[in-house]
Amino acid sequence: MSRGDKMLKFEVKARDGAGRIGKLEVNGKKIETPAIMPVVNPKQLIVEPKELEKMGFDIIITNSYIIYKDRELREKALEVGIHKLLGYDGIIEVDSGSFQLMRYGNVDVSNREIVEFQHRIGVDIGTFLDIPTPPDAPKEKAMEDLKITLERAREAEEIKEIAMNAAIQGSTYTDLRRYAARRLSSMNFEIHPIGGVVPLLEAYRFREVVDIVISSKMALRPDRPVHLFGAGHPMVFALAVAMGVDLFDSASYALYAKDDRYLTPEGTKRLDELEYFPCSCPVCSRYTPQELREMPKEERARLLAIHNLWVIKEEIERIKQAIREGELWRLVDERARSHPKLYSAYKRLLDHYTFLEEFEPVTKKSAVFKISHESLRWPLVRRARERAERVNSKFGDLVEHPIFGKVTKYLTLTYPFAQSEAEDEFSIEKPTRENAIRYVMAIAEYQFGENASKAFEGAEVELARTGMPRQVKLNGKRLATVRAEDGFLTLGIEGAKRLHKVLEYPRMRVVVSEEAEPFARKGKDVFAKFVLFADPGIRPYDEVLVVNEKDELLATGQALMSGREMIVFQYGRAVKVRRGISGG
């Protein structure tokens, strides 16, 4: 698998669930993801692109086919470029006419023509002419459409001179979605939209959208952003981000406004139903529903569109804050209760545990709250229960936890067992000087896996004034520190060396290139582009061992990605190195 190219840069800055806050850069312009692209129709500008830019929308999407088919727009775009045509300086992505193809059955342009046209008018992110097969089409039809899409992808790959989308199609057949994702992952594209889902979203078939997105994500390389084509209603954003969607586009802000519909994070309301505005955006702060109803239709539609945009933007910001705080699943749980079909989709997403668990951080800033039956199925909770079962059999002394069930008391100081809240109280038994080492060994077994406890045999544990274990030492040398915030172990140099001997290769290893070795030894962070291999079992925020190709220990630190991501990503930090280990 290639490491990609430099037309577009994408790196992950924070994460929760499969959701991520990323930095996307193209043509020297940067945005933070998750991001929403307002759809701009150059023939019907309900909100001017310049105003969108002032509102903080640093990326928009428009339709290159509409521009291509309109002689006046086409000639002007070719003369001055798309940015001057629209009066917008941010990132401009374009669709190719695929949506028109799905809606109306044909478009009067070839794949090569539209790709070359996109380059000539200076778009930042283009899209080739894929075939979006409608839901429930015969499988033979979906297969034939996908065959054409992949042929056009190969053609676009050969001629493209800009960053480009490669949409994953396949109708409602998850095996075709996986196949398309694998094939397109092997090609030189930058972003992967998941296409053909608008009819499903319009019909509230969110459960099927979950299966389509997860099937696609499972086969996609994880270093490329994913765009859920046509998903523009804020009620689905949190769920989609938890699946790993990075980009959205919204025409709904304008379409709903023209129909006197008012967006909220939970759904849509008709303007004539409202006595009060449940919002404090500039529009809702200035006008009452009655005042908007009395306005001329064109002005009313413009103001409703601006409100709808603020609601969309606010929900994206709320999601990003939830990711930062480790609270994304709580937000998804809350939003899912706005509609039975969304609730069904949320439950379906939790069925995809194997996919979700790979990206789920092992520790978070937030406590685990038992707020619903579904919260007991969150990936972090399920994983903690599975790991605890393994440790329980070795350490015994079980206690009943209101969220995690039977857990050895030696894990009850550690995240998430200690950092959790349920209806029933759970008391923590502090260690004694005599049994504190049992706590440390159980934590090691839970944190690093089978037999990791052997690295701490014979060690002594110093207790803090609070009675909690802190420093773990052997013969006066520090092996590890038990972190106050989450009860996990941060390795010292001696602890890393002992763990390295105990754990067979490649467990908890991140293998770096010869070029990165001297920097790792000096305690410098490891960047993903220098990672040659990593233990697939590594999860975000695990404590890991950095080694060279000879399995010589170079450093210890905290993983910022899963093991598989480290191998694929070209940009961003893979390991936050805590301590380097000098050679010799």
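Every residue gets a Cβ built from N, Cα and C, even glycine.
Straight from Swiss-Prot, the features:
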- ASP95: active site, nucleophile (ACT_SITE)
- ASP130, GLY196: substrate binding site (BINDING)
- CYS279, CYS281, CYS284: Zn(2+) binding site (BINDING)
- 507-582: domain 'PUA' (DOMAIN)
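Of all the binding-site residues in the record (GLY196, CYS281, CYS284), the one with the smallest CA separation from the residue listed as 'active site, nucleophile' is GLY196.
Taken residue by residue, the domain 'PUA' (507-582) breaks down under DSSP into 14 helix, 30 strand, 32 coil. In the structure shown, the C-beta of CYS284 has more C-beta neighbours within 10 angstroms than that of any other entry among the binding-site residues CYS279, CYS281, CYS284. Take the mean position of the Cβ atoms of CYS279, CYS281, CYS284, the recorded Zn(2+) site; other residues of that chain with a Cβ within 8 Å of it are PHE277, PRO278, SER280, PRO282, VAL283, SER285, HIS307, TRP310, VAL311. A distance of 39 Å separates the Cα atom of CYS279 (Zn(2+) binding site) from that of ASP130 (substrate binding site). Of the listed recorded positions, namely ASP95, ASP130, the sparsest Cβ surroundings within 10 Å are found at ASP95. The number of other CB atoms found within 10 A of the CB of GLY196 (substrate binding site), across every protein chain shown, is 29. Reported as a whole number, the C-alpha separation between CYS281 (Zn(2+) binding site) and GLY196 (substrate binding site) equals 33 Å. DSSP assigns CYS284 (Zn(2+) binding site) to a helical segment in the three-state reduction. Here GLY196 (substrate binding site) is positioned 34 angstrom away from CYS284 (Zn(2+) binding site), judged by their C-alpha atoms.
Mean pLDDT of the predicted structure over the domain 'PUA' (507-582): 98.
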